[in-house]
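Data block below; observations after.
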Amino acid sequence: MYLERINEPADLRALDHDELDALAGEIRDFIVAAVSETGGHLGSNLGAVELSLALHRVFDSPTDAIMWDTGHQAYVHKLVTGRRTQFEQLRQEGGLSGYPSREESRHDHIENSHASTVLSYAYGMAVARDTGTDDHRHIVAVIGDGAMTGGMAYEAINNLGHGKRRVIIVLNDNGRSYAPTVSNLAANVQGADEHEAHPSFTDRVTDKLSHALTDIRLNPVYVRRQRRLEDFLASLPAVGPQAEKAVEGFKAGVREFLQPPSFFEALGVRYTGPVDGHNIDELEQAFHNAIELSAEGPIVVHVLTQKGRGYSPAEDDDEKHLHDAPVFDPMTGPPKAVPTGYTQAFAEGVIKAAERDDRIVAITAAMPGPTGLLPFQEHFPKRFFDVGIAEQHAVAGAAGMAMGGLRPFVAIYSTFLSRAWDQVVYDVALHRLPVVFCLDRAGITGPDGASHHGVYDMALLSKVPGMRVLAPSSAQELHQMIDDAATLSDDGPVVIRYPRGSARQVADDQVGSGLSARQVQAGDGTLCILAVGRMLEFAEKAAAALAESGIDTTVWDVRSCAPLDPAMITDAATHRAIVTVEDGVRDGGIGMMIADQVGAIAPAVPVASLGTPTQFIPHGDPKTIMARLGLDTDGIVLAARAVLDPDV
Ligand SMILES: Cc1ncc(C[n+]2csc(CCOP(=O)(O)OP(=O)(O)O)c2C)c(N)n1
Ligand SMILES: CC(=O)[C@@H](O)[C@H](O)COP(=O)(O)O
Ligand SMILES: [Mg+2]
């Protein structure tokens, strides 16, 4: 067993390549076993095994910074940097994070799980390094082909190229985000046409021509000779410049013939590849050469990997190569991922809406499966758009579609809509465009940690002029809200936000409509609980618990967070005390808006607002996190008793 001997990257350098290949096999078995126990990211990590080993053999982390875009593919990095024994607690409360964590290790840098950021970090760290005089450490940024479809990546590439920053970019191209990436970069580089845009892994690696070219272009001996020839020619009087031009022209002709200059080189970033991402020897050679060539400026090493490599249930999963997986039986692999709960309700509802209105189109930012849009794509292939990991473009694109007479439904996780805040406000709302935002994973999501909880959407979006913000308390309410949004959007944008996981099922008479709140039960005027979305279920249970001690509670399902229903505000203001509860940030949240409006008509009525704190909330089990924050039945009961009898 080699894995047990690896406690830090230096231990990798004692192994020969046969031992490294054996270690890679052990690591794959370890990751499958670990993820099968706790759930987590699988396909991406299985594809990054050899890449991670080669990086940690060639570069000297943490002196050299090895940074991972998105970070979901950093399990091997964690394994070889001393955290093997912590994987039993992967993504558990207080356990190992599923992403790099600065608290866990000096080898970790970026904790944010939002994609397409790593090149900007690399740029910034290179600038900081270069302000010093003797700092020669390497800045290595690993970015996936999916993350490369995010606009930020191009902003950074542009700056890196023009700034000639000494950064090594490792483009980990497995041809996929969840779905196949918009274009397979390897094919694009060689100008292959569309039908080759997603060649098999083997095809992608065995293109010997570009392979051979890589050797030439990467080999520093070739580069040094080329430079000596250029210097010699330039030194020749008279004929020198012409001869030099002739050599340049010849080289350009060779390059043009063999391989069109890549996108990267057009921006001043040297490109080389593709390299076989599962051949450690080849990877190490490529990285050593890149170190030499990076003296002149940034270089991309294009690495081809296979998502899910080495575990057939992942290799054979056409939808997402087991990008992530729940707890599962490693012998058989997890069952096929199908939408459940609110995601399933959205998947069904948006199809029904589109059947009724042919203006309706659906947009995803590289997450057709997790957002529930795969069935929509099957029903309406020409009305479905996957724009890549490009939320800003998705939203501004939706604005364009709406201006053109379409009715776009934009399906984006709550947390990822943060990326497109500017476009939501000034491209959609400013023009009062009929765009419907369907935000899955709103509220506390759990295992993916601080940058995945969807806790800001209500507080922020309720402040956008003309924006309607709806929060369903059941699957049936979500269906209703999708129907209503299709017409409400005549007057401008609508947001529907709903949580990860199971959805409450209710009878048709327990569903509201439009922008009205729904009174679930009427009390005797003592206490009024106003609940947002999934919190209604806890509010009803709290009311039942309070009834046992003689407190007769009114309960409202808020439904429309913006605008708030005036009838609900007026009724709440007639009570002795009010509790509001939402699974979003309390500061500036819906509860505070309710308190503000009640205060305007009944300033003496106390309002206790429950919500998430203005803090980053670490990963863990969502129910445990919500209980800890008082966002459950007991928390509501406690708040009710306190607001009724503050002296108790
Ligand atoms: C801004 C943003 N949008 C969406 C996601 C969700 N997401 C996580 S990983 C992933 C796919 C990443 O693809 P790639 O960069 O190619 O990495 P791979 O999983 O293929 O290794 C997506 C869309 C995200 N993390 N950040
Ligand atoms: C990094 C990544 O893939 C995230 O988008 C996350 O893992 C999604 O998790 P769920 O789809 O399980 O909410
Ligand atoms: Mg990928």
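Cβ coordinates are placed from backbone N, Cα and C, and glycine is handled just like the others.
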- TrEMBL records H72, S113, H114, A115, G146, A147, N174, Y311 as thiamine diphosphate-binding residues. Which of E391, E477, E537 is assigned to the same site? E391
- Item | Rounded inter-Cα distance in Å - H72 (thiamine diphosphate binding site), D145 (Mg(2+) binding site) | 14
- D145 (Mg(2+) binding site) to H114 (thiamine diphosphate binding site), Cα to Cα, whole Å, comes out at 14
- Listed binding-site residues: H72, H114, E391. Which have a CB under 6 angstroms from an atom of ligand 3? none
- Message: If the criterion is a C-beta within less than 6 angstroms of any ligand 2 atom, which of the binding-site residues H72, H114, E391 pass it? List them in sequence order.
- Response: H72
- Winner by Cβ contact number (other Cβ atoms within 10 Å) across the binding-site residues H72, H114: H72
- Compute the average pLDDT of the predicted model within the domain 'Transketolase-like pyrimidine-binding' (340-505). 98
